[in-house]
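According to TrEMBL, the transmembrane segment annotation covers B:61-79, B:122-145, B:157-176, B:209-229, B:249-270, B:329-351, B:357-373, B:385-411, B:417-437. Annotation source TrEMBL lists domain 'CBS' at B:581-643.
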Number of protein chains: 2
Amino acid sequence: MSKQRFFEAFLAYAGLNMVLAAAAAALCAFIAPSAAGSGIPEVKAYLNGIDAHSILAPTTLFVKIVGSILGVSAGFVVGKEGPMVHTGACIASILGQGGSKKYGLTWSWLRYFKNDRDRRDMITCGAAAGVAAAFRSPVGGVLFALEEAASWWRSALLWRSFFTTAVVAIVLRAGIQFCSTGKCGLFGEGGLILYDVGSPQTEFSAGDIVAVIVLGTVAGILGSIYNFLVDKVVRTYSIINEKGPFFKIFLAVAISLLTSCCYYFLPWIANCIPCPTDSKVPCPSVDESGEYKIFQCPPGYYNDLASLFLNTNDDAIRNLFSPKITKEFHISSLFIFFATVYFLGILTYGIAVPSGLFIPVILAGAAYGRVVSRLFEPITQLDRGFFSLLGAASMLGGTMRMTVSICVILLELTNDLLLLPLVMLVLLISKSVADIFNKGVYDQILKIKGLPYLEAHAEPYMRNIATRDVVSGPLMTFSGIEKVGNILHVLNTTGHNGFPVIDEPPFVDAPELCGLVLRSYLLVLLKAKNFTREKVYANPSILENISVLDFGKAGSGKGVKLEDLDIQDEDLDMYVDLHPITNTSPYTVVETMSLAKAAILFRQHGLRHMCVVPKSQGRPPIVGILTRHDFMPEHVLGLYPDIKHHKWH
Amino acid sequence: MSKQRFFEAFLAYAGLNMVLAAAAAALCAFIAPSAAGSGIPEVKAYLNGIDAHSILAPTTLFVKIVGSILGVSAGFVVGKEGPMVHTGACIASILGQGGSKKYGLTWSWLRYFKNDRDRRDMITCGAAAGVAAAFRSPVGGVLFALEEAASWWRSALLWRSFFTTAVVAIVLRAGIQFCSTGKCGLFGEGGLILYDVGSPQTEFSAGDIVAVIVLGTVAGILGSIYNFLVDKVVRTYSIINEKGPFFKIFLAVAISLLTSCCYYFLPWIANCIPCPTDSKVPCPSVDESGEYKIFQCPPGYYNDLASLFLNTNDDAIRNLFSPKITKEFHISSLFIFFATVYFLGILTYGIAVPSGLFIPVILAGAAYGRVVSRLFEPITQLDRGFFSLLGAASMLGGTMRMTVSICVILLELTNDLLLLPLVMLVLLISKSVADIFNKGVYDQILKIKGLPYLEAHAEPYMRNIATRDVVSGPLMTFSGIEKVGNILHVLNTTGHNGFPVIDEPPFVDAPELCGLVLRSYLLVLLKAKNFTREKVYANPSILENISVLDFGKAGSGKGVKLEDLDIQDEDLDMYVDLHPITNTSPYTVVETMSLAKAAILFRQHGLRHMCVVPKSQGRPPIVGILTRHDFMPEHVLGLYPDIKHHKWH
């Protein structure tokens with residue numbers, strides 16, 4: 001990059017970025033569309049009980065890893081943290097499925113994980129491991145899994161995820177030790193602690209507190225605006241992306257060009273700053289990882305804005321976190337950097353590239369904190385680097401609305417627990433302020449993606465609706481001993497996954513609810529073809545040629561399918577006893593129970609089906625079945641549009 | 001304490017200790033027996049849903065604070081951490097009750113907390129604040145509340161407890177800042193970070209790992225032995241304590257004498273060690289807080305064992321955590337100290353004095369870690385102080401079986417996150433090893449106290465029992481419109497707190513379950529005396545002269561009592577409509593549901609009553625009511641003694 005050939009340099013820079021961006025977008029568009037974006041909302045959805053197609057498939061894993069590397073290399077304002085959480089969850093999911101049959105990787109001992117609960121636990125641990133690896137923050141990883149990812153939490157899960165992140169920490173440290181000889185490029189720099197904000201004061205004045213409160217409040221507002229704009233941008237992009245893979249690639253390339261323009265041309269605005277005389281690192285530097293970029297400046301001077309823009313994200317954050325004595329930035333440079341990263345972060349999310357949100361928000365927040373520290377210089381003694389950290393914390397709190405986990409992650413990044421009280425304060429302020437305006441960014445993305453996420457709390461108006469008022473559709477039930485033809489017909493004509501089984505006379509006096517049978521179990525039973533001519537109870541040998549393992553939860557796209565069945569016409573009039581495969585302890589609620597209470601029950605137990613039974617006698621023994629979709633506010637409001645505005649006394 | 005008057009010195013030392021011990025025990029014995037012990041099991045029980053008498057009463061709070069100060073001053077091997085958790089919970093509980101009416105302290109805005117859930121949340125935050133204050137560890141406090149104290153966890157609770165501990169941290173820091181001028185004695189020393197283990201290595205050899213694994217394994221065994229012995233000792237003591245208050249005081253004085261003997265006479269065994277020449281603190285010292293005690297040694301020498309024994313617990317721990325270069329102990333001194341503290345800690349718990357378990361275990365663990373570091377000197381390069389910290393962590397893991405919270409508390413104490421991986425490793429090893437042998441020490445104490453604690457998981461044999469098999473006793477039900485006399489009779493003759501309400505003909509076609517009514521609500525309704533002569537539905541005005549607040553959960557010993565009612569004889573034949581106060585959405589389970597599933601439902605929703613409804617029609621609409629006691633393993637095994645040994649296929 002010689003001084004005289006600026007335009008060629010830009011062409012090379014932007015061109016390379018665009019090629020990398022196109023490659024990342026092509027991978028996402030053609031191979032695994034669900035690998036685009038952060039991945040944290042998807043993991044959150046899966047842990048909430050949503051088995052969406054291909055969220056955690058092996059191809060998603062591959063594209064997520066490669067695409068994330070390409071995306072970060074392309075100079076996008078994206079992070080690697082969200083994708084690493086998704087990666088961790090994918091690996092856990094593949095292990096939880098007992099390996100991938102399609103790719104010939106299976107381990108028989110993993111079959112014990114073939115159930116919903118253990119797979120969910122595995123994936124929670126995987127998400128914790130992702131954060132632990134991305135931020136080198138083992139305790140933060142556990143807290144992230146607890147606060148943001150998991151919908152259900154068991155105390156055993158706490159120490160299991162803790163164990164997972166402990167292993168991550170030890171492996172990471174071994175890797176860093178191995179790489180400390182310089183064999184692995186930039187990896188391993190900084191040990192387990194990435195950033196050092198210098199030793200802070202332990203005493204605060206009233207002015208410091210005022211500055212921090214203002215910082216947190218404004219960050220809360222900025223964070224909620226961020227979420228609002230991300231929401232709008234993602235909705236706009238999804239219209240473009242739906243038109244086809246080439247539109248996806250085009251959009252990614254366009255954003256890449258915009259990013260390159262900002263990064264290349266904005267530093268020209270900045271003034272040159274004389275190098276510090278006592279610097280231990282070369283200043284000015286021309287190579288890719290230096291702290292003081294020469295850019296267009298004369299020797300002995302450096303360009304502060306270029307030091308932020310034309311650097312790795314990690315180094316830019318380290319620059320911003322550095323104490324005042326070590327390095328200083330012009331307030332105009334900081335403001336330009338903040339505005340650029342803030343808006344580019346918004347514009348970049350939603351393109352078909354694996355893109356984390358943590359790094360853009362931390363970058364914007366760190367620059368914002370440093371700007372604020374300049375403004376409050378007269379009243380506060382706090383160090384610039386510390387203010388920058390507080391800015392990053394407050395911006396994270398304002399967008400993601402996590403508290404404990406962000407606090408611990410940032411403290412683990414900087415290794416100074418003395419910072420704790422102010423970081424806690426600023427996080428709580430920004431989260432509380434932002435919560436007034438809208439929801440956290442991940443919740444918004446979940447909603448845009450149309451994933452039926454069950455909130456921990458029911459909507460207030462659900463207290464005034466009984467469960468019987470929302471059960472919908474014709475109810476399909478089976479007799480305890482049912483005709484094979486009927487079962488096949490029902491399986492063919494409906495998409496339900498659970499069916500109530502009713503015991504009928506002459507086996508009992510009056511019809512009564514025997515339990516619930518799953519579609520997958522019915523398919524396994526039909527495949528075994530243990531049918532009888534008469535309507536009689538099956539003898540105990542019916543399950544003999546079926547292994548218990550066949551009933552295990554299959555991986556995505558696996559398990560017995562309706563087309564696999566080989567039922568002859570003469571079988572259709574025969575009977576099969578459903579009792580051996582019926583869950584006789586399904587969760588039931590009375591039809592008059594409030595929907596709010598039923599929703600809490602549904603969510604807390606991680607149910608997929610809930611039986612609604614009648615209150616009075618002399619009626620069929622089941623009123624209906626509630627599934628996840630029946631609890632969605634959209635569904636309820638669709639049935640009762642006026643209920644939200646109704647005044648309840 | 002002149003050199004020649006050893007015996008007089010001992011008399012003064014032991015005498016003072018015994019007076020303090022007697023005072024502490026007298027407070028516990030006469031005013032608030034439930035203030036004895038750690039308090040953590042009691043808080044855990046309350047948060048599990050056990051409203052045991054006086055656990056969180058104002059008198060308990062007073063005795064806990066004063067008794068804990070006296071107990072620690074008396075030189076017992078006890079900590080202040082457990083009592084501080086209990087103190088925090090008591091304060092939260094008093095706030096949650098809306099102040100104490102008995103002592104004239106009430107705030108009307110606190111009435112919004114008058115329900116089970118909010119009070120429980122308050123107390124969880126109080127427990128977190130206790131740990132945060134005791135260890136100056138805000139994040140550790142949140143994790144402690146999550147991992148050990150709380151039985152139910154909501155995501156909102158996470159940031160509420162986080163907020164509480166943030167306030168604690170800020171108040172603590174303000175206090176320390178105020179005290180840094182030296183006005184407050186020993187308080188405030190060391191800032192927020194109590195112990196400094198020196199800067200550790202970040203690279204570990206295979207020998208280090210082997211040493212740490214051995215350390216953790218042995219600590220797990222020692223921890224489970226500790227728990228076993230505490231169990232035996234507490235059971236023995238409770239026989240003595242039951243004989244009366246004077247036996248309690250006598251026991252406390254006896255243990256105090258034993259402690260004084262150990263602390264005074266054991267240092268005579270130790271050899272004198274020459275003072276380091278470059279020490280910054282006076283060596284040898286004769287005052288109470290010095291690091292190098294002269295004891296019986298000549299000038300220029302110090303007694304290492306006396307430096308541990310005749311010191312505050314905090315200073316002893318700081319001495320043990322200090323790096324090798326700063327201070328050294330004889331291995332024999334360390335071993336004597338370890339054995340003494342280990343066994344005195346066991347013998348002290350269970351006397352009628354507020355006594356935390358954290359400090360004794362940390363002391364024993366730190367000494368143990370330093371002993372192990374001497375033994376493994378040939379193969380490990382790790383610092384003694386770090387080994388001492390690992391020893392404390394492993395011993396805590398072995399007795400209390402917490403992982404994440406202990407890890408974070410220790411890291412917040414020492415302010416060095418670089419220690420994290422090995423601390424995690426050693427905690428997991430010691431917890432896993434100890435879990436083979438017995439349960440955590442708090443769970444054992446809960447069991448000794450006979451508190452019906454509901455475990456998060458049902459026992460395996462409960463899967464083979466249906467709920468109808470455990471409902472017991474004659475079921476008391478009310479009609480929807482019930483005779484006042486009947487209600488009074490039932491309230492007088494039974495102690496139940498919840499009664500099913502059955503709607504009967506002519507109001508409905510066949511009897512059906514209307515809901516559940518609480519004893520406290522019935523009392524409020526009866527007190528208002530809105531009775532009718534005929535069996536008719538009440539008009540809506542029935543609740544007009546009752547405030548909604550009357551139904552709020554009263555504090556301990558408050559609320560309407562049966563004796564407060566003023567029912568005349570002519571009222572007894574009148575009717576009262578129970579519908580307005582009936583909970584028409586009680587949680588119900590079908591009689592054939594497995595007890596294990598019902599137990600999970602009961603615990604996860606924090607229920608007090610669960611209705612069991614019949615499966616088949618034509619029977620009374622309710623089979624029975626399950627309460628907490630029906631899920632206790634003792635109850636179930638009492639009904640079906642053979643079920644545990646039965647083989648299930």
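Glycine is no exception: its Cβ is also placed from the backbone N, Cα and C atoms.
Please treat TrEMBL annotations as automatic predictions, because they have not gone through curation.
Each residue in the domain 'CBS' (B:581-643) has a pLDDT score, and their mean in this model is 88. Tertiary neighbourhood of the transmembrane segment (B:329-351): same-chain residues 25, 36-38, 76-78, 222, 226, 229-230, 233-234, 236-238, 241, 248, 251-252, 255, 258-259, 262, 266, 269-271, 273, 304-305, 308-309, 320, 357, 360-361, 363-364, 367-368, 370-371, 374, selected by CB-CB distance under 8 Å and a gap of 6+ residues from either end. Among the stretches B:61-79, B:157-176, B:249-270, B:357-373, B:385-411, the one making the largest number of Cβ pairs under 8 Å with the transmembrane segment (B:209-229) is B:385-411. For the transmembrane segment (B:61-79), the most Cβ-contacting stretch among B:157-176, B:357-373, B:385-411, B:417-437 is B:357-373 (pairs under 8 Å). Here the transmembrane segment (B:417-437) has Cβ contacts under 8 Å with residues 197, 200, 202, 204, 208, 212-213, 215-217, 219-221, 223-224, 227-228, 386, 389-390, 393-399, 401-403, 406-407, 410-411 of the same chain, all six or more residues outside its ends. Here the transmembrane segment (B:122-145) has Cβ contacts under 8 Å with residues 40, 43, 46-47, 56, 80-81, 84-93, 95-96, 113, 157-158, 160-162, 164-169, 172, 192-194, 358, 402, 404-405, 408-409, 412-413 of the same chain, all six or more residues outside its ends. Across the domain 'CBS' (B:581-643), DSSP helix (H, G, I), strand (E, B) and coil residues number 22 helix, 12 strand, 29 coil.
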